[in-house]
Amino acid sequence: MVNMPSKKKTSINQACTLLAQGDLVVMPTETVYGLAADALNGHAVAKIYELKKRPQFNPLIIHVSDYVQAQQWAYFTKVAEILATYFWHTQPSPLTLVLNKKPTNLSSLVTAGLETVAIRVPHHPVALDLLKAYGKPLAAPSANRSLHISPTTTEAVHQSLGPRTPFILDGGPCQVGLESTILDLSGDVPVLLRPGGTPVEMLEEILGHAIHQEVGTTAIKAPGMMKRHYAPQLPLRINCLHAEPGEAFLGFGHNDQPAHLNLSKTGDLKEAAANLFSMLNELDKPGLFKGIAVMPIPLKGLGAALNDRLQRAASSES
Ligand code: TXA
Ligand code: MG
């Protein structure tokens with residue numbers, strides 16, 4: 001805190017005051033903007049569900065400043081320790097671990113009554129300043145109304161939450177643009193619950209073996225994995241080489257038909273991930289288009305998470 005420029009320090013202090021009195025704060029992270037509440041204060045956490053209009057059964061991720069803090073809230077196995085220290089500190093990359101919960105005063109609304117807790121260290125200077133200054137874990141889902149697109153800019157937060165948008169800590173556009181990868185380490189074998197900003201291949205490399213992927217099954221361990229979760233207002237089609245008349249065309253790499261926007265002209269998956277939600281948001285204009293057609297994206301690396309999000313956005317089920 002001592003070396004922080006005074007304007008920044010003032011806004012961090014203001015955020016801490018709001019959190020301490022049970023109010024919500026919008027916090028930037030490297031993945032997407034989060035709607036944060038004191039994870040020990042059930043009334044504050046309830047405001048998240050209320051503002052997002054999110055189903056109550058959906059548990060939240062708690063955010064902490066480092067691995068040492070994280071150990072207060074969950075039991076870390078050897079494997080969990082290795083992954084946490086590597087992806088939270090040595091080579092920071094967005095990873096949420098689902099672990100067996102320690103008996104603590106964490107609000108049970110955060111975990112939706114489960115015996116496990118999802119925990120991560122965000123890799124963003126403003127989030128880390130806030131977490132260090134506040135000293136307690138923050139529960140934070142993405143800062144959008146339920147079923148809207150996750151926001152990667154403060155404008156997108158305002159657009160989704162409207163006039164009830166709480167105090168925002170501005171951290172600029174989110175660099176990763178996709179939510180964290182979620183790995184369940186609470187059982188005997190690691191299970192991937194959500195593909196995200198850290199490619200599963202990177203986890204497998206550190207673990208030294210393949211990871212079981214539960215994604216897309218109906219046995220919902222991460223209840224947030226409802227099919228229709230990442231939804232624009234317009235109908236969305238995927239794996240399209242051309243758009244129909246009236247449709248917005250979202251490109252990837254080289255394309256014959258001119259695209260309205262291109263996730264990455266060079267076919268770079270990292271660039272595409274960072275652009276995904278903001279570009280979908282920009283094209284999601286029912287007055288202008290009748291739908292959105294998206295070009296095929298390869299399934300390797302971050303492509304798995306990109307395709308997962310697009311499939312959900314394209315699903316008409318709720
Ligand atoms: O990148 C991110 O992870 C962002 C930023 C803000 O940190 N957060 C985020 O949170 O995406 P949210 O609430 O949209 O997604 C949390 C996911 C949900 O799918 C939820 O079901 C799952 O984590 N989850 C939370 N606790 C869990 C638990 N104990 N067991 C299984 N899944 C859990
Ligand atoms: Mg979300």
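Here the Cβ of each residue, glycine as well, is placed from N, Cα and C on the backbone.
Record check, TrEMBL: L-threonine site residues include T31, A140, S142, S180, and the candidate from R120, R164 also listed there is R120. Mean pLDDT across the domain 'YrdC-like' (9-198) comes to 94 in this model. Residues T31, R120, A140, S142, S180 make up the record's L-threonine site, and a Cβ search at 8 Å around their centroid adds T29, V32, G34, I61, H63, P94, T96, P122, P141, E179 from the same chain. In this structure, the CA atom of S180 (L-threonine binding site) is 12 Å away from the CA atom of S150 (ATP binding site). For R120 (L-threonine binding site), the count of additional Cβ atoms within 10 Å of its Cβ stands at 23 [all protein chains shown]. Neighbour density for H63 (ATP binding site): within 10 A of its CB lie 28 other CB atoms from the protein chains shown.
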